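Pulled from TrEMBL, these are the features on record:
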ACT_SITE  188  active site, nucleophile
BINDING   216, 217, 218, 219, 239, 240, 241, 242  substrate binding site
């Protein structure tokens, strides 16, 4: 029987020192809120990877330390446009949502679409209609906009006025310093889980990039770029500069390296993240769970927040090979 696994990320990018504590707190909270739905110690002999992934992503969508849900970046009109995807690896079912506004938890809307099984991808007004028709609350316009998001948009607009290249707009909020033009970065949240039945599920959610044009769609809702799950190979959730990730098709390349080159989850993630940045210049990262339960955590951005639970311990980190750990305690 496979050993349940839950691995999450809170985005890759030029994350400032001042935001590390909030990232760590949010990562640990998401793991605590979701692990009980997956753990074999939950009294049912093991729970659902689908429930665990949704719960972990929902937790981060509520946390302004992450660019997803509440805390999302703003487009040039000062609005939040969100996207998410969810995929399960047994039957390759998926739900992909984009251009969602004024509702909470895009990941849950993606799950509802996946479970309807009629379409895989909805955007704009159709995604909005699905959300409201299936239980999402219509929020007041601007309810998801934070002060950090407003600050970062103003900074972006100031940089554009100075003639700086908007292609490298950041997605991290309220940074201590500008993002170098040579380091395009991105920010997303995601989770990959495998339950005791061997089912692999991946979910990814984002608010996009600061100063994006209204209607811009990134890599997050695109299968093979931001999200992919296949019980025969593994599951991947990516994060980073969206235009780079979707052009490189990072999630599928990692899974292909595992399948056809015999690489471990870690080796495949390292190889393809490096190759992507070498070829296209943009940075990013990925979390990977192989079909045997091995983990991969890799990024070419300055930092990427990540965490997982193993043997009663939470392991988490944000840069290089530095790994923090602490005893796991159930969220209350």
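Note that Cβ sites are derived from N, Cα and C of the backbone, with glycine treated the same way.
On a predicted model such as this, the values are computed, not experimentally measured, just so you know.
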Given the binding-site residues 218, 240, 242, and counting only Cβ atoms in the protein chains shown, which has the most within 10 Å of its Cβ? 240
Return the maximum Cα to Cα distance in Å (whole number) over the record's substrate-binding residues: 216, 217, 218, 219, 239, 240, 241, 242. 16
Out of 218, 239, 241, point to the one nearest the residue listed as 'active site, nucleophile' in space (Cα versus Cα); all of them are binding-site residues in the record. 239
Go through 216, 241, the listed binding-site residues, and name the one with the sparsest Cβ surroundings, counting other Cβ atoms within 10 Å. 216
By a simple count, how many Cβ atoms lie within 10 Å of the Cβ of residue 217 (substrate binding site), its own Cβ left out? 19
